[in-house]
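Taken from TrEMBL, the feature region 'Disordered' covers 31-60. Under the heading compositional bias 'Polar residues', TrEMBL lists 47-60. What TrEMBL lists as transmembrane segment is 150-172, 184-208, 283-302, 314-335, 406-425, 437-458, 479-499, 505-522.
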Amino acid sequence: MGSGRSCCKAEPPAEAQEVCAGFPVHPPDCPKDGSSAEAPDLPRDLSSATEQGGVSSLDHGTSRATLSTIARYRLNHFQIEEELLRGIPLHMSLRGLGKLWLTSPVDLSERARALLWHRSRQVKQLDIFYSHTWHTPGWRKVLALWVQHGAWKFLLGWLLGVILGVALDATMEIPTLVLPGPSIWIGGFLGSMLGLLTSPYTAAWAACRRKAEEMCFLDVVCINQTDPDTMQRGIYGLGGFLAASSEMHILWSGPYFSRLWCVFELAAFFKANPCGKILLKPLFVENGLLFVVFAIYILRVIDEWFVNNFQERTVVAILVQVLGLIPSYMLVHFLRRLLNEKHHLLYSLRSFDLANVTCRCAADKECIEHVIRTWYGSPASFMQHVRGPLADELTKPFSRNNLPGSFWLMIATPFVSFNMAGFWVERRMPTSSTDDVAKMFLTVCIANSVLCVHYIQLTYFICDRFAAPAGRCLDYGKTLLIWVCLSFVFLGMFGLSSFVRRQVLAASVMYAVATVAMSFVITHNSWRRRFRASPPEEAIEI
């Protein structure tokens, strides 16, 4: 391309440099002592890099070294051109069943990748930088983000569904489907699911309230996936995206700390954004929450069906009811395995080793490791930082077994739906007196619904405490012991409720008041410990 003489011929031999994969570890303009220097004006096009400074006639190895120098400067100095700083509203990324999160760009066709770039827009600032790995199934991320940002819409949809179900049951003759009052619990289930699925589309209400859209970084749309030059500038300008972001959300899954680019994003955010926040968002929390909600609906249908169809105390009826408890055993075993991911997260942080981190491109690995050495002095210093202060801050929220209040309300919805359906059926029975209806409402709709949520909390705590596996057969036996203990608690809870219902109305009133008061004390103490133990939003102030 250039016509000048080769620099290799014009200059005497330079001091030999340490080279990895054809790239010098210490570029000519980069201090060897690891101190940061002011970033120079870099070429805007990587393809034109060899045309500047008389390097157009260099050999191929020198050209690659020049490109590596540019890449390292971009990574080290958090540079990104203004036209490349792009973002996408979070709700837009979740539309179409979250298809942007489902497939890695490597697995997409050329035409599909070309359309991705146009989904993002140029911005001056980003609200959230989403750090994740494509080695985790995309549907897990979509479900987690739906729950994180659509929990209240889930609850609103459930409330509207229950109200619609009550209205239909009051004005129409609804046939019994498995259980009495089907329109109420089916309406609650469908309403909550519709509320969750439509949450990305109802975010337009924020614009009506003049609330700014939450702009986020999603690599698949914010970095050009078709033009090689623009892609390289975007990838090596990743630090610029981090510097422009107010928060970093880590969508954690098992492979996260084994991917080098994920580790780089974590390391770079500390240096690029000293006033930013890091929030750890393990996918197993929201994934497990939705599974529990679905499981409770299934378990309640099975339980109510057995109660209504096998009321006789025969051997066959008892055996059938015992078989009906097997799904609850499976739920307990699943919860133990799910919460074992939490302990795996803690272990992966405490035992983090940069030597076990992998990357598809060997050149990227050398480049990123060089930048980490520049920032932290040595790989050992960075690993010590991850295992120590970073692990302490990131795992602090998980030491208290707390979930947001909206998540516990989501777990309560199936219990309230079935209890409301039972109350509505009781109210319409001609043999029911006013006292019977009132006692049903107090003991079942109020007291039982509250106690069921605390029962799930107890189950969560015990499964977390005994989440560690114990071998294949022994592990199922361990789950069996936990399940038997929890079953006794569950039967005792409902036995007490049935006993109170057979007493006078005042007993039901006292039972409901005592249950609500106990729940208030437990919840109040939990929130007080949370606010004393951590800053708002359980965020990490860097």
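In case you wondered, yes, glycine gets a Cβ from its N, Cα and C as well.
When each of the listed stretches 150-172, 283-302, 406-425, 437-458 is scored by C-beta pairs under 8 angstroms to the transmembrane segment (479-499), 437-458 comes out highest. The recorded stretches the transmembrane segment (150-172) and the transmembrane segment (406-425) share 3+ CB pairs below 8 A when only pairs 6 or more apart in sequence are counted, and are therefore in contact. Long-range neighbours of the transmembrane segment (406-425) within the same chain, counting only residues 6 or more positions beyond its ends whose Cβ lies under 8 Å from a Cβ of the stretch, are 147, 151-152, 154-155, 158, 162, 165-166, 169, 179-182, 184-185, 188-189, 192, 285, 289, 292-293, 296-297, 300, 304, 437, 440-441, 444-445, 448-449, 452-453, 456-457.
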